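Per TrEMBL, these features apply:
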COMPBIAS  8-19  compositional bias 'Basic and acidic residues'
DOMAIN    61-454  domain 'Amino acid transporter transmembrane'
REGION    1-41  region 'Disordered'
TRANSMEM  67-87  transmembrane segment
TRANSMEM  93-113  transmembrane segment
TRANSMEM  134-152  transmembrane segment
TRANSMEM  172-191  transmembrane segment
TRANSMEM  203-224  transmembrane segment
TRANSMEM  244-263  transmembrane segment
TRANSMEM  283-305  transmembrane segment
TRANSMEM  325-347  transmembrane segment
TRANSMEM  367-388  transmembrane segment
TRANSMEM  394-418  transmembrane segment
TRANSMEM  430-455  transmembrane segment
Amino acid sequence: MAANTVIRDTKSSEKKADPFDPSDSAVLQSQSEDEVGEVRPTGMDDYEKQKAAQGEAHFHRLGWKRLTIVLIVTAVALGSLSLPGAFATLGMVAGVILTVGIGLVALYASYVVGQMKLKYPHISHYTDVGRMMFGKFGYEFISVMFILQLVFTTGSHVLTGAIMFNNLSENGACTIVFTVVSAIILFLVAIPPSFSEMAILGYIDFASIIAAIFITIIATGVRAGELPGGVSSVAWSAWPKEDLSLAEAFIAIGNIVFAYSFALCQFSFMDEMHTPKDYAKSVVTLGIFEIVLYTITGALVYAFVGPDVQSPALLSAGPLVSKVAFGIAIPVIFISGSINTTVVARYIHGRMFKNSIIRYVNTPMGWATWIGLVAALTVLAWVIAGAVPFFSDLLAICSSLFVSGFSFYFPAIMWFMFIREGKWYERKNWALTAANAITFIVGITVLGVGTYSAVWDINHRYEVGSVSDPFSCAPIG
């Protein structure tokens, strides 16, 4: 047992504590004890300081290149697999315009999120902005939105994993079995707590999705070329499909919106950056990459397949090639899904143990609580995946309820409340006021009309019997 000693020297070379940084709680406590000359056990104090220092170093290793990768891991997965179906609904012209337009708006909103983090460094997660905007209620309300969005997204990947296993095995087992297997893999991949570590997996994720997309594009192009009339005989259209309902249109738009949902995790990722001001490089790189990739993928696969293109798009590559593409896409399905669990677990774990070294996940208790939390969140995502067993509508619900705020109208509110310099109507602010007003309108429109359309379509599908019951063994449609 370590000996007790009285601290008499109040002068210290330690850094000045930041009251907004929970990592400095040990420093604040140490300074307080030094001032009053209390007796404390130096052995335990040194141990906690060592673990805190290790934790701080471990969770501040992210550079702008790895930030780009983890943002890609977050965004470029389900979105790229569902866009050709959106093009088939909206038509080539509207599909391209909306993909590019929404992408530019999302890129600007993400830039605003980065400005907010630089101006207020104490923000660790999106929930902290909720407190700044709307007080305690805003913090708790946006916490619920934050948790549900990330868990819903993990649930989407549970479904995608089940679709993949069904495809590879030709429906060789009950779908529930495949969702369980998917959930177990997602749990295992989500265990590393640092985003810098997830970025290493992200390089595999990146290579996986690029390869799967290009295999799908090439395969669908070859199949189109083998048709009697060649590629020109494919019945794609520049205009929306006939008798398009409002619900169908906004479900397709919701899939495009969901593809640009990276802003949700941006505060969490930037909190691990060693040089946060470099975030703009990541945001611009990611934004341009996404817009180009999504537009090419949506337009080409739709042009090669036509109105019968399936969602996810890998299913349109033909029986054999779709199996190959799904096999190559295995890393992106599970790495992109698991990072959502990691983000929400980091938030909850850090909030539960904000005044303890347990939050650094480098002690036995830290690892035990971390693994238990990741397991609980994965089980919750699995339940959602079983309760809502259809791909497009789950994406549309997530987009309408949550991404509309995190990626669009919340950043606009941030600019008006915290970032704007001078009056909004001053000449120097005209362009930025217009940009943020457009961003806000896009978000509110998706929130209202998109949510209505998704709920209406779910009810309609159940009424006509076009989907299976919750927790069904039937293949996912």
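Don't overthink the numbers, they just go from 1 along the chain as shown.
Each Cβ is built from the backbone N, Cα and C atoms, and glycine gets one as well.
Curation plays no part in TrEMBL annotations; they are all automatic predictions.
Tertiary proximity for the transmembrane segment (283-305) is limited to same-chain residues at least six positions away from its ends with a CB under 8 Å from its CB atoms, namely 68, 71-72, 75-76, 79-80, 83-84, 86-88, 92, 95-96, 99-100, 103-104, 106-107, 110-111, 114, 213, 216-217, 220-221, 223-224, 231, 234, 236, 256, 259-260, 262, 266, 313, 316. Among 93-113, 172-191, 203-224, 244-263, 325-347, 325-347 has the largest number of CB pairs under 8 A with the transmembrane segment (134-152). With a cut-off of 8 Å between Cβ atoms, the residues of this chain six or more beyond the transmembrane segment (67-87) that come close are 95-96, 99, 153, 156-157, 160, 195, 198-199, 201-203, 205-206, 209, 213, 252-253, 255-256, 258-262, 264-266, 269-270, 273, 278-279, 281-283, 285-286, 289-290, 293-294, 297-299, 301-302, 305, 309-314, 316, 332-333, 335-337, 339-340, 391-392, 395. Among the listed stretches 93-113, 325-347, 367-388, 394-418, 430-455, the one sharing the most Cβ pairs under 8 Å with the transmembrane segment (172-191) is 367-388. Scored on C-beta pairs under 8 angstroms, the neighbour of the transmembrane segment (93-113) with the top count among 325-347, 367-388, 394-418, 430-455 is 394-418.
When each of the listed stretches 367-388, 394-418, 430-455 is scored by C-beta pairs under 8 angstroms to the transmembrane segment (325-347), 367-388 comes out highest.
Sequence-distant contacts of the transmembrane segment (430-455), counting only residues of its own chain at least 6 positions beyond either end whose CB sits under 8 Å from a CB of the stretch, comprise 102, 105, 108-109, 112, 246-251, 253-254, 257, 393, 396-397, 399-401, 403-405, 407-413, 415-416, 420, 424.
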